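Participant: Copied straight from TrEMBL:
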| type | residues | note |
| --- | --- | --- |
| DNA_BIND | 86-129 | DNA-binding region |
| COMPBIAS | 355-378 | compositional bias 'Basic and acidic residues' |
| DOMAIN | 84-128 | domain 'Homeobox' |
| DOMAIN | 131-332 | domain 'TLC' |
| REGION | 355-385 | region 'Disordered' |
| TRANSMEM | 39-56 | transmembrane segment |
| TRANSMEM | 140-160 | transmembrane segment |
| TRANSMEM | 180-198 | transmembrane segment |
| TRANSMEM | 260-282 | transmembrane segment |
| TRANSMEM | 302-328 | transmembrane segment |
Amino acid sequence: MLEWVSEVFWQERLWFPEGLGWADLEDRDGQVYAKARDLWVALPIAVLFLVIRQVFERYVATPLASLLGLKETVRRRVTHNLMLESYYCNTTKNPTPGSVEKLSEQTGWTERQVQRWFRRRRNQDRPNLLKKFCEASWRFAFYLLAFIGGLVALIDKPWLYDLKEMWKGFPTLTLLPSQYWYYMLELGFYTSLLFSLASDVKRKDFREQVIHHVATILLISFSWCVNYIRAGTLIMFMHDSADYLLESAKMFNYARWKNACNYIFILFAAIFIVTRLIIFPFRIMYCTWVYPVTLYPPFFGYYFFNGLLMVLLCLHVFWAALIIRLAFRFLSNNINSHTGLGRHEVVGRRREVRPRGDGRVRGGRTDEKWRDKEKRTSSEWPRYT
């Protein structure tokens, strides 16, 4: 059974254009080609990345956070209540007013005490800023080094400047040592990110992260097997060109360096839109979707490869919407700070703010609610990498 599945899976007509096959990728005359078995190297590399990450976060990222003025906060733990804990874990973390009233009767607490318990319980589960900072620092370090390494590997290659050169001589494209390590390190890193998703800070775009990591791993693996090496290195280099800026903006955001965060994020947004929404679909995908059919007839691998690129493009559009929204928010906040407008003086939010005797605010928001909003804002940062 397994032998039959292997034969069907590795059929040449699925992976290559007509007239080409695995025999064309056999090493000969001193020329080395990519092999599917090489991909197993990515697994120990992924494990090594997980170990290096633990060391990096403890001995590099944590001291760096302290240097930037970010310290680990200790949140107050809630009073243990078995009934409320069961409701929190099994029903919902945000009970309705009716549910609060019922829980108040069952526990003998006031409604205010029940509401306070749930609020503190949610805060207790919320990851602290130090953990977020360490995760962003690790990704920043890798993406920056990957971008520099990709630039060194591609700077003297003709297909960086003329994309049609990526198909010259296909599929007998000799594998270079720089291409081998670029591929294996990128594949190992994204595999490690997939392994660590369960323990990382869970964001709103968690499902999109899983889809992105799986699509990226499949794309890297498939392009390696069929010797789409040149196209693969260009795609990885283009992605790495903006990712380190996003992670550095996150680091400054967590450290409360707002101006540095805003400027870097605006720069990242501009590079992201140019590379992911202009260069990627209109240059790179043109040379993987339109140009190849002038050289050979379409085959399954052609559709599979471009289908994965379409998945990435859809994710780019999704994240671009989030990025543009955040960019406008940063710009509006900067304009308000320079013009001296306060929170309740922003256009479209003109409200009369009058204090009440119980400490609440009519027509406005309490300081506690503003703090909650600022905490929620940090979870809206697009992760995708």
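Just so you know, glycine gets a Cβ as well, placed from its N, Cα and C.
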Participant: Across the DNA-binding region (86-129), what does the mean pLDDT come to, as a whole number?
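Facilitator: 83, rounded to a whole number.
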Participant: Please report, as numbers and ranges, the same-chain residues at least 6 past the borders of the transmembrane segment (140-160) whose CB is under 8 Å from any CB of it.
Facilitator: 56, 60, 166, 168, 176, 178-179, 181-182, 185-186, 189, 230, 233-234, 236-237, 240-241, 243-244, 247-248, 251, 385
Participant: Report the DSSP secondary-structure composition of the domain 'Homeobox' (84-128) as helix, strand and coil residue counts.
Facilitator: 33 helix, 0 strand, 12 coil
